[in-house]
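According to TrEMBL:
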- 180: active site (ACT_SITE)
- 252: active site (ACT_SITE)
- 55-67: compositional bias 'Low complexity' (COMPBIAS)
- 94-103: compositional bias 'Basic and acidic residues' (COMPBIAS)
- 105-125: compositional bias 'Low complexity' (COMPBIAS)
- 150-342: domain 'Peptidase S26' (DOMAIN)
């Protein structure tokens, strides 16, 4: 082999080895740029990677006998890009110390729902408040309000239902419009009536009873009332919250029952029932048992009723004399009065005075202890 030829081959081998070294160095540089230093705990710097790539390009161009491309010229190879899993330092939110709030990031999803994300201070956890969450909260509040309203309506309906049941079958309130029952009941007194006591067997002589006008007993003129107020009053009276309309009811004391012979007065000025004189402790002192004489036998299924204020009571005596309608059917009885609940200074049980008739025999001649 000629000497010149050997020298040329040696020079070419040197150049090829130099190119291999340059390429190897560039590859090693690129691998280093993709690797994080675990001791530093930091991400790769894009500017440092670009400088390494430029240096490798320059060395490769120098070994090939070419000049590196200028900043305006065409760049044959792009520097390695930053891995997408590691954003640039400038894009990462700063670390927050001492409970400070990190900046909130507003994002949009494909469904059009906006969200605001923020990380908890010092915890690293994220919480999200979305438009759908707000709408859900409003819906829950609306449902809660509706449930509350339904509960109130249910309670009111239950109270009214219980009131109607009690009023219909057990107890009803009434008020006293006049002084015909003084001193047992005063004008303005409000009292309860036991509606379970309505049959002739349950009604006793001496009981204070409320009854429906049998016809012609009441001559109270109709009052002019507001139609709306009147409807409301009737509803409240119907469910038993307000006392019943006194324009249809009266209150008196039972003196005689069906078959009884009642007359006034004895030589002592007392009323007698089936021949037995009655001591009446419920009469006010100085009040006569009756200012007029009468002698009647009560028809079966009827009652003979008188007020405790005998000188100021249009009762069975007056109506029997004036209209011939002094007897009250048992079916008209609403119940037995048993307690005053208003006014508060008069609250108390109505005294049971049936003992005054304890020695009165029934129409057959047998004493029945006030019956």
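For all residues, glycine too, the Cβ spot is worked out from N, Cα and C.
These figures come from a predicted structure and were not determined experimentally.
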Can you tell me the CA-to-CA distance separating residue 180 (active site) and residue 252 (active site), as a whole number of Å? 8
Would you mind checking how many other C-beta atoms are within 10 angstroms of the C-beta on residue 180 (active site)? 21
So if I measure Cβ to Cβ from residue 252 (active site) and keep only same-chain residues at least 6 apart in sequence, which ones fall under 8 Å? 180, 181, 208, 209, 211, 305, 306, 307, 313, 315, 316
